[in-house]
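Engineer: To start, I am sharing the structure in question, which I have written as structure tokens.
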Amino acid sequence: MAVLERLWRSLAAGTRPAGGVLPPTRKSQTRDLGIRTPPLPARVTLLLEDGRDQPWREVQPIVKPGQYVRAGERVARAVGHLALPVHASISGHVSALFMHDEADAGGQHRPAVVIDADGASQHHWLPPLDWQGAAPGEIIQRIADAGIAGMGGGGFPAHLKVRAARQAGIDTLVVNAAECEPYLSADDQTLRQHTDRVLLGAAMVAHATGASSIVIGIEDDKPEAASAVRARLGELPCPARLEVIPTRYPSGGERQLIERLLGRRLASDQLPVDAGVLCHNPGTLAAIHDAVALGKPMIERTLTLAGRALARPGNITARLGTAIEHLLQDAGLDRARLSRVIEGGPMMGQAIGSLDQPITQTTNGLIAADAAELPTPPPARPCIRCGDCQPACPAGLAPQQLWWHAQAGEDHKAEANGLFDCIECGACDYVCPSHLPLANGFGEAKQRLRTARAESDRADQARHRFEARQAREQREAAEREARRQARRQAATQRGQQRNASSAKDSSADAKGTASVVDVRGLRIAQAAAKAAARKAEKALERAAQQQQSADVLADLETQLDTARQHLDAADARLKAARQEETRP
Amino acid sequence: MSLTSLVGVVLMVALIGVCGGLLGWLNRRFKDGEDGLVEQIDALLPQTQCGQCGYPGCRPYAEAVEQGEAINRCPPGGEATILELAELLGREPLALDGDADDTPRVAFIREDECIGCTKCIQACPVDAILGASKMMHTVIAHECTGCDLCIAPCPVDCIDMLPREPQPRWTAGIIASDRTTETLHGST
């Protein structure tokens, strides 16, 4: 069966149109200019997530204002399970633990660690690790300690991906060097200038995950990077191959790339590790190399500065937390020409409200565009059902249908049509003749569905707690009843001893049979309650083994408690009935 | 009628009987916890257990709705719940009976003023209030359904209903959250 399924999948993958679009790449602005290092900023602002909106990303500062820190010293610790520790990206004194964000609603203070540089460039790194002699767990722990997030865009903690891959057992590490977004050439430059660091990083991750082969996927518009990699492939300790794929946006989408390179198609509920693959970006691998071989925590990244409002576009390696304005000024920003600044690529990036904002680990590019270069889209018109978005969708969805459902408030129908497979790449926006903001709309619909799901989980938990409380009240009532029964029995026994000679109650027989039936029914109820309790116990055990989330476990505990209360109540009732029965 | 056709008819009837029996048995054998109508109605209710419908909880109201009670008695569910119930039961949607207020709320005890009488603890339908006699009480915001039932019994009026934050905030070291970190970092 597995063979047939694989055959079918490969056939289906072969027949399905690849999707995607061919926007002008505009990479020639920056692609041959090397990587510069701009002067160090006088101040860095390391943004912290306070966990108000996303508790799983919460980070807490561990330094105080006025404290001196060296570059690489930890300034905040991870609290949420998807959070990463933050390290000082420059040496100097901590001047504040918040940032005044003008662009934010009402000019709110955002939690951050602000460091005023002292210009001394002191640094403090972790001890280097001999990766070939190190256990996989040590490498993974080092990646976690260095605070490395995936630098492709999602910003998911790198160590969690590696650990999941280690646990699931993968066979292939994919180096995602497609870099399909227009303008961006940071990965291209990293591969050309730092081939060693990227490939060694890949070897380390392969060692840590147990992957037996490495596949490097690169688009055919980067021949220099491809040949640089090809020349060094033989030095890798495990079989590695380079795969040059045609340039097409969004071939760098994780799922799309895995399908293209390995012919493995992921179902919507599958993660790459489920298909035996781990995917990492070259920048992330270079950072992992630095963290392991040099002990250098995540304090800087390579990004592309592009756009016609810059006199000196190019790729730079900048300290995290540097203000966007500082970097753009250094690249010769012409404010008269500037129409807007976009963080990320033009397809998936976000327009920036204020240039005071700092760069973060996920900032892979800054585009300072003039008005002619990236014009503001014309107002959206209604969908004319032309169907152009359908062949453009890399996930094989029907965007016009999803849009229809999402606009009609029928999010669940959109979900049934594969809404959660949408990677929000914006290929449909690009081809839409009505200029509909499709990808944005899909993002919002997903958010609405997630909120609804969380609400329904909450309601279920409230129901289970309500049931638990009712079960407890029933048990207490049954136990009270049993005690009352026992007291009454004791009283009647005393009375009977006094009138031992009196005649037997003629109704005793009838009462006896009635209570026998009663006891039998109660015994069945008690056995059922016992089975229910055991079932609830097993469900909880299974969930604990599968490492379900705390919410799920707490909910199952409530259900187990309910079952136990029911059992206790049934026990008490049975006991009371038996005492009644034995009464002569 | 010839004998063969009679045999055919008898065989056919027997076959139908066997198939019917088999299907019936299979249906009973592999029936996986199919929900009754009451459960389906209950699943649509917001589970605040507030009693504003006049029944002592969501499930009793679900049972009453199944028996023909009006579907517009649930203010926390609001219009959305009425529409869902109307669709499930094939009834006409009605205007909400009562004041529409489906903004999620959470109870908050002004802890300085709490005298520790435990009355709110007894009133809470989902055991979301912690405390002991003559000790300060507090609401587990994550479990609170915003039902208002703790407000009336409080003799010192120290409970407020506040709008619920969009996502419950968990900090380390309080009740459920210490387990959050344990289970999620346990695989280290």
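Cβ atoms here come from the backbone N, Cα and C positions, even for glycine.
What TrEMBL lists as region 'Hydrophobic' is B:1-27. The transmembrane segment annotation in TrEMBL covers B:6-26. Per TrEMBL, domain '4Fe-4S' is recorded for B:33-91. What TrEMBL lists as [4Fe-4S] cluster 1 binding site is B:C50, B:C53, B:C58, B:C74. Sequence annotations record features per position, and here TrEMBL assigns domain '4Fe-4S ferredoxin-type' to B:105-134, B:135-164. Per TrEMBL, the feature [4Fe-4S] cluster 2 binding site maps to B:C114, B:C117, B:C120, B:C154. Residues annotated as [4Fe-4S] cluster 3 binding site in TrEMBL: B:C124, B:C144, B:C147, B:C150.
Help me understand the surroundings of these features in the structure.
Structural biologist: On its own chain, B:C53 ([4Fe-4S] cluster 1 binding site) has B:Y61, B:R73, B:C74 as residues at least 6 apart in sequence with a Cβ closer than 8 Å to its own Cβ.
For the domain '4Fe-4S ferredoxin-type' (B:105-134), same-chain residues at least 6 beyond its ends with a Cβ under 8 Å from one of its own Cβ atoms are 49-51, 57, 140-141, 143-156, 158-165.
Under DSSP, B:C120 ([4Fe-4S] cluster 2 binding site) is assigned to a helix (H, G or I) in the three-state scheme. Residue environment of B:C120 ([4Fe-4S] cluster 2 binding site) contains 24 other Cβ atoms, counted within 10 Å of its Cβ in all protein chains.
In the three-state DSSP classification, B:C147 ([4Fe-4S] cluster 3 binding site) falls within coil. Counting Cβ atoms from all protein chains shown, B:C147 ([4Fe-4S] cluster 3 binding site) has 26 others lying within 10 Å of its own Cβ.
Within its own chain, the domain '4Fe-4S ferredoxin-type' (B:135-164) has Cβ neighbours under 8 Å at 46-52, 76, 103-111, 113-129, 170, 175-176, counting only residues six or more beyond its boundaries.
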Engineer: CA-CA, which of the binding-site residues B:C50, B:C58, B:C124, B:C144, B:C147 lies nearest B:C114 ([4Fe-4S] cluster 2 binding site)?
Structural biologist: B:C124
Engineer: Mind tallying the domain '4Fe-4S' (B:33-91) by DSSP state, helix then strand then coil?
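Structural biologist: Within the domain '4Fe-4S' (B:33-91) the tally stands at 29 helix, 0 strand, 30 coil.
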Engineer: Using C-alpha atoms, which one of the binding-site residues B:C50, B:C58, B:C117, B:C154 comes nearest to B:C124 ([4Fe-4S] cluster 3 binding site)?
Structural biologist: B:C50
Engineer: Name the residues of the same chain, 6+ apart in sequence, whose Cβ is under 8 Å from the Cβ of B:C58 ([4Fe-4S] cluster 1 binding site)?
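Structural biologist: Listed in sequence order, they are B:D42, B:L45, B:P46, B:Q47, B:T48, B:Q49.
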Engineer: Could you say whether, by DSSP, B:C114 ([4Fe-4S] cluster 2 binding site) belongs to a helix, a strand or a coil region?
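Structural biologist: For B:C114 ([4Fe-4S] cluster 2 binding site) - judged by DSSP and reduced to three states - the answer is coil.
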Engineer: Which binding-site residues among B:C58, B:C74, B:C144, B:C154 have a Cβ sitting under 8 Å from any chain A Cβ?
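Structural biologist: Cβ contacts with A, in sequence order: B:C58.
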Engineer: Pick from B:C74, B:C114, B:C150: which of these binding-site residues has the biggest number of other Cβ atoms within 10 Å of its Cβ?
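Structural biologist: Per the Cβ count within 10 Å, the most buried is B:C74.
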